[in-house]
Amino acid sequence: MRIKSAVVLLGGALGAFASALPIDAAVGTHGALPVLAVVLALSFGRAERGADLRRRLVGIAAVPVVAVVAGAVGALLRVVPVVGAALFVGGLAGAVWLRRYGPRGALAGRLLTLPLVAMIVVPVPLAVPPGRPLWPTALAAAAVALLAAAWATATSLAADRLAERRRRPPAPATAVGASLATGPIAGPATGPTGGAGPARGRRSEMRPIPSTRMAIQLAVALVGAFVLGRVLTPGHGTWAVLTAFLVSSGNRGRGDVVWKGILRLGGAAGGTILATLLSQAFSPGDPLAIAAIFALLGVAAWLRDYSYAYWAAGVTGALAILYAYYGESGPEVLAARLIGILAGALLAIGAAWFVLPVRTSAVARRRTADALAALGETMAALRSDPRTPHANWEEALDGLNALAPPLRALRTLRPTPLADAIDALNACREPVRTLVDAAGDVYDRAPLRREVGAVRSSIGGVRRTLAGRPDPDAAPTPPGGPSHPVETLELGAALAALGAHLGTIRAVWSQGSLRRAL
C-alpha cells in the first residue's frame with residue numbers, strides 16, 4: 001500500500017475514532033468503542049478500496065446490522081463459550097463459502113467477517129461492567145460501526161476524486177477483473193483470442209470447489225484454536241483464535257498459507273513481545289494506551305502490502321496493549337500469548353495442508369489463465385484503444401504475482417518451475433506497455449500485423465496447454481522475426497520478446513509434474 005493510501009485510511013480511522021469518543025463516554029465502555037471504530041475503519045477502508053459507490057453504500061448499510069450480531073456473538077463467548085465459538089466459527093467459515101456466488105457473495109462475506117474479527121480484536125462486551133444490560137452497548141457498537149464505515153467511505157471517495165485528475169480512467173469490471181475479485185480460483189476465463197477458457201474443466205474436477213474447501217479448512221483451524229487455546233492457555237485463548245484466522249485469511253493455496261504462517265508467526269511473536277514490554281509503561285485505563293493502539297494499527301495498515309509479518313505484528317501488538325489497558329499485562333502473560341500464537345499458526349498450516357488441500361499449482365494455473373486471457377484481449381485491441389484491456393492485464397498480472405513470494409522462496413532450495421513461469425509472464429509487462437503506447441502504429445505495418453497475429457496464436461497455444469489440451473503440432477512464436485526498419489525496431493523487439501516469454505511459459509506448463517506441485 002502506498003503512503004497516500006495509508007494516509008487516506010488513517011484519515012478515516014481518525015475521524016471514526018473522534019466520532020466514537022462521545023458515544024463511548026455515554027455508555028461507559030472505557031475506550032473500547034473508539035478502538036473498535038479504528039479497527040473497523042481501517043478494515044472497511046482497505047476491503048472496499050476501488051469499489052464503486054453503490055457497493056460502498058451497501059456496505060455502510062449492512063455493517064451496523066452485522067456489528068450487532070457480532071456483539072451478540074461476543075457476549076455469548078463470555079456467557080456460553082461453546083455456543084459463541086460455534087457461531088463465530090460458522091460465521092467466518094460461511095463468509096469464505098459465500099465466495100462461490102461471485103462478487104456479491106464475496107462482498108457479503110467481507111461484510112460478515114469485518115465485525116466478527118473486530119469483536120475478537122476489541123472485545124467490547126468485556127468492557128461492560130457486570131450487571132449492566134448489554135443492549136445499550138450493542139446499539140452503541142452499531143452506531144460506531146456505521147460511523148466507521150461512513151468515515152472510511154468518505155475519505156476514500158475524496159481520495160479517488162483527487163487521484164482521477166492524475167491517472168487514466170479506471171477500467172470497467174470485466175470477466176477477468178470479476179474473477180480475481182471472487183477468490184483465488186474463479187470461473188473460466190474467456191476472451192476473443194486464444195480459444196475457450198483454459199481452465200473450463202479444471203474447476204469442475206475439484207470437488208468440493210475451492211471456496212468450500214477453504215471454508216472447511218478455516219473452520220477446522222478455528223475449532224482447533226478454540227479448543228487448544230482453552231486447554232493450553234486458559235484465559236488467553238483469543239491469541240490462538242486470532243492467529244489461526246490471520247494465517248488462514250486470504251488463502252491462495254496451501255503453499256501461500258505456509259508462507260504466511262511463517263511470516264505471521266514471526267511477526268505476531270515479535271509484535272507481542274514488543275507490545276508486552278511497552279505495555280508496562282501504561283497503567284490500566286491510561287488514554288495513552290489508546291493512542292498507542294491507534295498508531296500501531298495505522299503503521300501496520302501502511303506496511304501490510306510489504307509483508308504480512310508487519311500486519312500480524314501490528315494486530316497482535318495492538319491487542320496486547322488493549323489487554324494492558326484493561327489491566328492484563330506483565331511478563332507472566334507473555335508465555336501464554338506466545339504459546340497461543342504458535343498453536344494458532346500450526347493449526348492453520350495443518351488445516352490448509354491436510355484438509356481438502358488446494359494446491360498452489362491449481363491457483364497458479366487459474367490466475368495464469370486469467371492473465372493470458374487479458375493479454376490476448378490487449379493484443380486484439382492494439383488496432384483501436386487497448387487501454388481498458390491493458391488495465392485488466394495489469395490487474396490480472398498483479399493477482400498472479402500475489403502467489404510468487406512462497407514459490408520464489410522455495411526456488412532458493414530447489415528448482416521451482418512455477419516461479420519461473422510467473423517470472424516469464426512478468427517479463428511480458430514491459431513489452432506489452434511498449435506495444436500499447438504505440439497501439440495505432442502496430443497495425444499500420446504488415447510485418448508487425450503478422451507478428452501480432454503470431455503472438456496471439458501463441459497465447460492461444462499456451463491457454464490450451466493450461467487446459468490440458470496441448471496442440472502437439474503448434475510451435476511457440478520464435479524469438480526472432482523479420483528485420484524491421486529503424487522506426488519499428490523497438491516494436492519488433494517487443495513482439496519477439498513476448499514470443500520468447502510465452503514459449504517459456506508453455507514449456508513450464510507442459511510438464512505433467514506440475515499437477516502435483518505444492
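Cβ atoms are placed via backbone N, Cα and C, with glycine included.
The feature compositional bias 'Low complexity' is assigned by TrEMBL to 173-191.
As annotated by TrEMBL, compositional bias 'Pro residues' applies to 473-482.
The domain 'Integral membrane bound transporter' annotation in TrEMBL covers 225-349.
Residues annotated as signal peptide in TrEMBL: 1-20.
Residues or ranges marked as transmembrane segment in TrEMBL: 28-45 (among others). Within the same chain, residues 8-9, 12-13, 15-17, 19-21, 59, 63, 67, 114-115, 117-119, 121-124, 126-129, 132, 137, 140-141, 144-145, 147-149, 151-153, 155-156, 285, 287, 289-290, 293-294, 297-298, 301, 322, 325-326 sit at least 6 positions outside the transmembrane segment (28-45) and bring their C-beta atoms closer than 8 Å to a C-beta of that stretch.
With a cut-off of 8 Å between Cβ atoms, the residues of this chain six or more beyond the transmembrane segment (57-76) that come close are 40, 44, 48, 51, 83-84, 87-88, 91, 107, 110-112, 114-116, 118-120, 123-125, 134, 137-139, 141-146, 148-150, 153. The feature transmembrane segment is assigned by TrEMBL to 57-76 (among others).
Per TrEMBL, transmembrane segment is recorded for 82-99 (among others).
According to TrEMBL, the transmembrane segment annotation covers 111-128 (among others).
With a threshold of 8 Å between CB atoms, the same-chain residues lying at least 6 positions outside the transmembrane segment (134-159) that come near it are 4-5, 8-9, 11-13, 15-16, 19-20, 23-24, 26-27, 29, 33-34, 36-38, 40-42, 44-45, 48-49, 53, 56-57, 59-60, 63-68, 70-72, 75, 115, 124-125, 127-128. Sequence annotations record features per position, and here TrEMBL assigns transmembrane segment to 134-159 (among others).
Per TrEMBL, the feature transmembrane segment maps to 262-282 (among others).
Here the transmembrane segment (288-303) has Cβ contacts under 8 Å with residues 1, 3, 6, 9-10, 13-14, 17, 31, 34-35, 38-39, 42, 46, 275, 278-279, 282, 310-311, 313-315, 317-318, 321-322, 324-325 of the same chain, all six or more residues outside its ends. Annotation source TrEMBL lists transmembrane segment at 288-303 (among others).
Per TrEMBL, transmembrane segment is recorded for 308-326 (among others).
Within its own chain, the transmembrane segment (338-358) has Cβ neighbours under 8 Å at 184-185, 206, 208, 210, 212-214, 216-218, 220-221, 224-225, 228-229, 232-233, 236-248, 251, 253-254, 257-258, 261, 264-265, 268-269, 272-273, 316, counting only residues six or more beyond its boundaries. Per TrEMBL, transmembrane segment is recorded for 338-358 (among others).
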Outside the transmembrane segment (82-99), six or more residues from its ends: residues with CB under 8 Å to it: 69-70, 73-76, 105-106, 108-110, 112-113, 116-117, 120, 182-183, 211-212, 214-216, 218-219, 222-223, 226, 241, 245, 251
Residues of the parent chain within Cβ reach of the transmembrane segment (308-326), under 8 Å, 6 or more residues beyond its termini: 30-31, 35, 121-122, 126-127, 238-239, 242-243, 246, 260, 263-268, 270-272, 274-276, 278-280, 282, 284-286, 289-290, 292-293, 296-297, 299-301, 333, 337, 341
Same-chain residues near the transmembrane segment (262-282), Cβ under 8 Å, at least 6 residues beyond its ends: 239, 243, 246-247, 288-289, 292, 296, 307-321, 323-325, 329-331, 333-334, 337-338, 341-342, 345
DSSP helix/strand/coil residue counts for the domain 'Integral membrane bound transporter' (225-349): 101 helix, 0 strand, 24 coil
